Every structure is written in structure tokens, then in C-alpha cells.
Amino acid sequence: MKSSTFGMLALAAAAKLVSAHATVHAVWINDVDQGEGNSESGYIRSPPSNSPITDVTSKDMTCNVNNKATAKTLEVKAGDKITFEWHHDSRSDSDDIIASSHKGPIMVYMAPTEKGTAGNGWVKIAEDGYTDGTWAVDTLIKNRGKHSVTVPDVAAGEYLFRPEIIALHEGNRQGGAQFYMECVQVKVTSSGSKTLPEGVSIPGAYTATDKGILFDIYNSFDSYPFPGPAVWDGASGSSSSPSASASASAPAATSAAPAPSSFTTIAKQPATSSTEAPSTENTSTTSTIVSTTAAASATAPATPSSTSAIASSAASTNSVPQPSSNAGGAVKEWYQCGGLNYKGSTQCEEGLTCKKWNPYYYQCISA
């Protein structure tokens with residue numbers, strides 16, 4: 001499907017007056033909530049704000065601006081499902097997750113903790129981009145900020161899992177893509193049979209002119225070329241019966257089941273309108289996981305014959321008060337201040353200027 005409709009979607013996003021960034025607030029293991037993890041006493045190396053990284057050469061690309069160990073580490077074993085839960089402000093049902101204008105892919109990397117902290121050894125274990133007119137971020141919003149990966153059958157030890165969103169609403173100019181990532185502290189307790197590859201360096205895996213980073217979502221296209229390395233062909237985990245895990249839990253038994261030979265991918269759900277309000281029903285559903293060996297797109301970098309996408313699950317969270325959006329008055333840094341059909345304030349806070357990136361999106365940035 002051609003994506004010439006994304007200009008219309010950008011207009012719809014502007015009409016909603018949503019200019020939201022995002023961070024990972026929590027993690028679920030085998031559908032068990034591990035609680036808020038984005039604090040010094042938690043298990044996520046969280047930044048002090050939800051502002052993006054835009055310089056692909058910055059050391060902040062590794063784990064965002066707060067690459068420091070936190071108090072807790074989650075315990076998992078091969079085959080366990082790890083679900084990352086993203087939000088704009090809070091785990092409230094009314095939270096908008098991330099601006100619907102922030103179209104782009106979602107990827108997940110992992111690395112041994114010591115190497116990963118230093119920016120080395122990062123292995124891509126999952127990716128989800130653009131399929132049949134739907135971006136990974138669209139699916140993330142629909143699923144209330146959740147996407148999942150399977151723990152590979154790797155050696156026991158401590159690892160960092162690094163979920164990453166690349167928002168491409170300003171990707172039509174060099175340096176315009178926005179990167180959102182955190183590092184989740186995880187201990188694998190099973191003794192796997194697979195050796196994690198050497199991996200890549202982050203920063204270093206991307207350049208500002210990579211086809212998947214300098215990418216114009218407002219022009220017609222059929223597919224999306226993922227930046228960085230291919231998904232590791234050993235990324236599929238294995239477990240005879242994944243059990244619920246908790247933070248700092250007792251070591252789990254070693255898995256003896258062989259890992260699948262192909263990657264896992266999500267069965268895509270129908271696309272929804274950018275203006276549709278997210279569901280707040282107190283239900284939980286998990287998307288169907290299937291195997292695929294489809295050939296990679298000719299427009300994407302060379303990858304193995306099968307690819308891996310991020311599985312997503314929808315679940316609601318407890319409702320707490322949600323701050324209102326800034327529809328009037330001075331607009332804060334990084335928030336929208338103009339564009340076609342935009343109805344909010346066009347006056348930025350002192351020291352900021354309203355920068356036009358494209359006809360659909362103006363943003364308050366440092367003067």
C-alpha cells in the first residue's frame with residue numbers, strides 16, 4: 001500500500017493537539033506486571049525527561065542520558081516473554097503513549113551488561129517497521145504502549161535489554177529523526193546453548209544519513225529499510241513452559257527445549273485512524289505469534305531470509321489523574337506550536353523559537 005495518505009494522518013494528529021514523547025515506564029514478564037521500573041529504586045535506566053536523542057553519534061544513544069545502574073534487576077529464563085510498556089507521562093488509562101504523528105519503527109537490542117553499558121556488544125533481537133500502511137508506533141499506541149520479545153536461549157548472566165523507537169515525523173531532514181530508548185536490567189537464569197554474537201557499538205551502528213533514519217514519511221513509499229544490523233538469527237528463545245517471573249526472583253530451571261529455527265513475527269491487526277481514542281477497557285489480549293520465512297524487502301538492507309517483528313499485547317493500567325495538554329499559553333520545549341490545521345498556541349516559552357520542520361509540524365526548540 002502506498003503511503004501518500006500520511007500527510008492526511010499528520011493533519012489528524014495536529015488536530016488532536018498531541019505532542020507527546022515517551023519513555024519505558026514498566027516491564028511485564030510472561031504477562032505479570034513487574035511494577036514501575038523508571039526510578040533509581042527500579043530496574044530501568046530512565047532519563048530525567050522524555051526528550052529524544054537526535055545525535056546518532058552521542059554517547060546518550062546507548063541507554064539515553066542516564067546510563068547508570070539502578071537498584072533492581074529482573075530475572076528471566078530462555079523463552080520468557082518480556083513486554084515493554086511505554087508512556088508519555090504516566091501509566092494512566094488516559095495517557096496518550098506517544099504522539100500519533102511520531103510514525104516510525106520499534107527495535108529491541110540486548111547486550112551483556114558490562115559491555116552494553118560501555119556501548120558495545122549490542123545485538124538486535126527484534127524489529128517492527130511498516131506493513132500494509134501501519135507503522136510499529138501505530139500498533140504500540142493501539143496496544144496501550146506495549147510490545148513484547150522472547151528471551152533468547154543465551155548463557156546465564158546479566159544483560160541489558162534496549163527497546164528503541166525511532167520517530168520519523170521530522171526524518172525528512174538530516175538530524176531530524178528522534179530516538180527514544182532506555183536500558184532494562186535483566187538477569188538470565190537459564191543456561192542457554194547459544195552464544196550471543198559480538199554485536200555492534202551504540203553509538204556507531206547508525207549514521208544520520210542511513211536510509212531508515214533520513215526517511216521522509218510524507219512522500220510515497222512501499223516499505224521501510226531498517227537501520228543498524230540484521231536481527232540475530234538466534235533471537236528466538238525456547239522454553240517448555242514459560243512461568244511467571246518477578247523482580248529479583250529465585251533462579252529458574254534451565255530450559256531444555258530447542259529454539260525455533262525461524263524468527264517470530266506478529267500477525268498484523270487492521271490499521272486504525274490516528275484520531276481514534278485509545279481503548280480503556282479493563283481487558284488484556286495477546287496477539288498471535290506465528291513463524292515466517294518470507295524474503296526481506298528488496299529496498300531494505302540485506303537480512304536473513306526470515307525476519308523478526310515485535311509482538312504486541314494490549315492491556316489497561318490503573319487510572320490516575322493525567323495532566324492536561326498545553327492547548328493555550330506558552331508552549332514548552334519539544335512540543336508542537338504550529339502546522340496545517342493546528343489549533344493550539346503558537347507562542348513558545350521564553351528562550352525558545354517555533355521551528356517549521358514541514359507543513360504539518362512546527363516545534364518549539366532552543367533559539
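For all residues, glycine too, the Cβ spot is worked out from N, Cα and C.
Checked against Swiss-Prot, the range among 37-56, 317-336 recorded as region 'Disordered' is 37-56. Per Swiss-Prot, the disulphide partner of Cys183 among Cys63, Cys337 is Cys63.
Annotation for Tyr180 (Cu(2+) binding site): same-chain Cβ neighbours under 8 Å, separated by at least 6 residues, are His21, Ala22, Thr23, Asn50, Pro52, Ile53, Asn64, Trp86, Ile98, Glu164, Ile165, Ile166, Ala167. Only His102, from the recorded positions Cys63, His102, Cys183, place their Cα within 10 Å of the Cα belonging to His169 (O2 binding site). Taking Cβ pairs closer than 8 Å, the region 'Disordered' (37-56) reaches residues 20-27, 63-74, 88-89, 160, 167, 175-186, 203, 206-208, 213, 247, 333-334 in its own chain, all 6 or more past its ends.
Counted with DSSP, the domain 'CBM1' (329-365) comes out as 0 helix, 17 strand, 20 coil. Around the Cβ of His21 (Cu(2+) binding site), 20 further Cβ atoms fall within 10 Å across all displayed protein chains. A separation of roughly 20 Å, to the nearest angstrom, links the Cα atoms of Cys63 (disulfide bond) and His102 (Cu(2+) binding site).
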